[in-house]
Amino acid sequence: MPPPDSNPGSFRDHLKHDNKNNNSSTTSKGKQRYTPLHDSIPEEIASPRSASASSSFDLDPDLENQSRNDYKLRPLARSSSTNGGHNYSTAYIPVIRDEGDDVETYLDSITEAEQELLSLSKQYDFADDSDDFDSDDDAALRRKVQKQEQRRRRERLKAKVWTPVKYARIWRRTLVVVIVALALLVWGFLRFTAAQRQGPKVWPMLPSDSWFPSPKGGTLKHWEESYRKAQSLVRNMTLIEKVNITTGTGWQMGMCVGNTGPAELVKFPSLCLQDGPQGLRYADHVTAFPAGITTGSTWNRTLMRERGIAMGREARLKGVNVLLGPSIGPIGMMPAGGRNWEGFGSDPVLQGVAAAETIRGIQSNGVMATAKHFLMNEQEHFRQPFEWGISTALSSNVGDRALHEVFAWPFAESIRADVASVMCSYQMVNNSHACENSKLLNGILKDELGFQGFVQSDWLAQRSGINSALGGLDMSMPGDGLHWTDGKSLWGRELTRAVLNTSIPMERLNDMVTRIVAAWYQFEQDEWERPPPEGNGGPNFSSWTGGDVGWLHAGSNDGLYAVVNQYIDAQGTGPEAHSIIARKVAAEGTVLLKNVDHTLPLSRNASGPSGVMRVGIYGDDAGPAQGPNACPDRGCNQGTLATGWGSGTVDFPYLVSPLEALETAWKTEVEMTAFLRNAVMPADVADKDLCLVFANADSGEGFISAGGIHGDRNDLFLQKGGDTLIRTVASHCGEGQGKTVVVIHAVGPVVMESWIDLPGVHAVLLANLPGQESGNALMDVLFGDVDASGRLPYTIGKSLEEYGTEAQVLYEPNAPVPQVDLLDALFIDYRHFDQYNITPRFEFGFGLSYTTFKLKDLHVRSLQSKSRSPAARPAAAVSPPEYNTTLPDPALALFPPGFQPVYKYIYPYLPSLDGTAPANYSYYPKDYNQTQGPSPAGGGAGGNPALFQEMASVSVQVQNTGDRKGQEVVQVYVSFPSDEKVKIDFPERVLRNFTKVELEPGERREVQMTLSRKDLSYWSVREQNWVMPDGDFQIWVGRSSRDLPLQAKY
């Protein structure tokens, strides 16, 4: 989704390369990166070696490093008879300079390939620097000599006999060929045996499978009443009203970022859809909550839900019908992915639990939540063609097993939590656009997972009209088609026309609108106050202006204005203030990674060797800089980092910086000096007793480029010189006698190898993205007001390469349609490290505490007898609504007489009856006429209800063995048995449950968790169902993915 002032204009037909040389933008191995067409914030330094529309060849890098005096390359000019000018054919070939007079000796010394190159070079004019001053006679004489030399060389080569040198050369080449051939044979054999061993190791579906027709909603019992009400309403709607509900009115054509048209005859209102995952975007008097990645770091289910409740409450008070969050795609397959911070962590169970709790919290207020982005939106590069100047968005190619076990798992949990809406993503999946991918939307989401709500597109993610409707899309957002704010929708009047001419069945349109209306009833929004003119309901803020009066249609020039901002304070007050939950989440989401000699927590009654404690604060991440809202959608890295950038952000009502909080943190007098810059001298730290150094790493959505980062990070290092800053401070703090505490604010994992083991680094806190209460929450942990109880939601490796080849962002197009192949996506994050026996710096789930805990007495008890397959899919509890599908008179779809349309506003009306006559449409998607049977894995919300039967209980004793209150996160991992019937690879172990428990010193408590059938199953591609393998499962219980002291069999 673009910034509010986005104006795409015409697309540039060239690419530019960014070679800015600084710590934040330097690319891996010095490679240039493909950069987007939008301008960078701040402005990037453009490379002089931009690739233009004209054809040219770049110099070889090694050749470029040579002196220009050694080589001179001259193209031949060929006259053009058409325009009198010249067309140039350019080739760069180094000029061969004579090092002596023995030309024949030289020719003998070069390879046959070089001889052939010389013979072909006669079409070019090679010259050294002095050639520009040669006379015509000299040039003619030189050409004559060259021809004679070439003739003699050819004769000499014909007469040349074999020599021992020739034989040696042939044997060497033959040996190389044999070695390469043997290596290929060995490689092929190993690949074959690995494939045999893994059995259903799934290769990408290229192209994506098809699944038609789109399943109807209204088949689950707990949605029955809502669908009954929706049926009564939809039955009385006109075709125009149905289309109006399914199509947005256009970008900036309403108060919210997304607005649907109303159905006025049946009194169904326009719906307001608003970002997002961190709070209400573009709204006043709302809370800037900690980001999703910080929430995931709490591993606290209660806080996850409380945060969701507060977000839903604010959306309700602001008149928002649909909140566009939580974000659970990307899941973090690529650690440098730009939007990973919006989600909760790089594990499907952690992501799924956090998503479900957030959704339940949001929807407890009657606000519809949105699970996004479905599916495989793992990187920002090439997600949209118009952002990058390519013809088509990239394709994320993934196998069926990884799709189910990793990427779709959190969405299944969201549907079990009754999420009202699912947003499809920008890119393609297995070479079919996600918002028209019938296998994903119809087959997996609506049939297998039993989704009863509506599917909406990401903003401009819809890339077709008919195919997207048939493929399972229910709502087009924001209504615009292929370009922003041009008033040309792929639906709107085009959907009206397609239904009338039978290209799209009326039955499909009825299901689309029924799903939307049923969700509206499911969360009792029919009881909300009616919007004007009947009441004072609807959105009470404008996304496009901060003034009380503004345009009603900011994307048009119609001149209509009204009071658009009522400044309703939605943040809560007193003990109900949402800042309280924001501070709790930020504090519990802070992860203690290192703590030498109990450096932390700090004492508020501090003193130094000389009496007064001398404290130094280092790094611009400690201070407020220009303020939290200095850049649109937080699209710059300045001051303390409290959020990433993009549509998932929020306008901060305030931001407490670490420096502001530190100024009032100590009870005794301290001498505190702040150096709010990332370049300090040793003298700046030499006289300090305590050095607090702050550094960060930022990223965000692909429509913004900031600091040389085009959405996705270029690497995993700290930005703006943060690593150098830490090394300098840690090496010189107190002339080696002081203590250095490092605080990191980051969107994801950062590589710490250059400083983590320095003796001067005594403690490290990863504060993630803490939101508006950043400084206050940090003080709570830094001074021990609360325990350090955060745990890593991802693995911190020692290098980006350790995460594997498939975890790397594709920075350069590798095909006209960029292809990202995720063949080993099953082994995401810590699973990859386990699979290849790589020791990370800090493993998934890791985090230190200010106290100590002991786990003991693990018991695993069987609750159900094992069976390979779940019970059969149950029959639908209720039948979906049925309607009369008779087409109306096309004349009723024309603009009403005297109607004055708003410029660029998207209407369902037709300007004429052209194209409305029923016709035989012949461009349907592949296999459209083949009806698919129901999936055996379906039958309920989130899948077959049998998958969620509890198979085993896990109990363990947890004791606080320290001297202060603290919280422990108990994590349960499962290792699958080796099924001899179907040989298949499993991850070493996978997270399957967790709980967080708070204990007083010496307190002991038993905690219990359960494992479901799905927890103990894998997705069988052959059977298209979840299968429990035969044999004993190993159950591990501990504190992280690699600290698992207890184990038992099941």
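Using N, Cα and C of the backbone, Cβ positions are placed for all residues, glycine too.
Looking up Asn244, Asn837 in Swiss-Prot, the residue bearing an annotation of N-linked glycosylation site is Asn244. Checked against Swiss-Prot, the residues Asn87, Asn540 yield a single entry marked N-linked glycosylation site: Asn540. The two recorded residues Asn605 (N-linked glycosylation site) and Asn300 (N-linked glycosylation site) have their Cα atoms spaced 31 Å from each other.
A Cα-Cα distance of 13 Å separates Asn929 (N-linked glycosylation site) from Asn920 (N-linked glycosylation site).
The shortest Cα-Cα distance from Asn540 (N-linked glycosylation site) to any of the recorded positions (Asn300, Asn430, Asp458) is found for Asp458.
Checking Cα-Cα distances from Asn501 (N-linked glycosylation site) against the recorded positions (Asn244, Asn430, Asp458, Asn884, Asn920) with a 10 Å cut-off leaves Asn920, in sequence order.
When the glycosylation sites Asn244, Asn605, Asn920, Asn929 are scored by other C-beta atoms within 10 Å, Asn244 scores highest. With Asn920 (N-linked glycosylation site) as the anchor, the candidate recorded positions are Asn236, Asn244, Asp458, Asn884, Asn993, and the one with the nearest CA is Asn884. Taking the Cβ of Asn236 (N-linked glycosylation site) as centre and 10 Å as the limit, one finds 10 other Cβ atoms among all the protein chains shown. The Cβ of Asn993 (N-linked glycosylation site) has 18 neighbouring Cβ atoms from other residues within 10 Å, across all protein chains displayed. Summary: among the glycosylation sites (Asn300, Asn430, Asn501, Asn540, Asn884), the fewest other C-beta atoms within 10 A of the C-beta are counted at Asn884. In the three-state DSSP classification, Asn244 (N-linked glycosylation site) falls within a helix.
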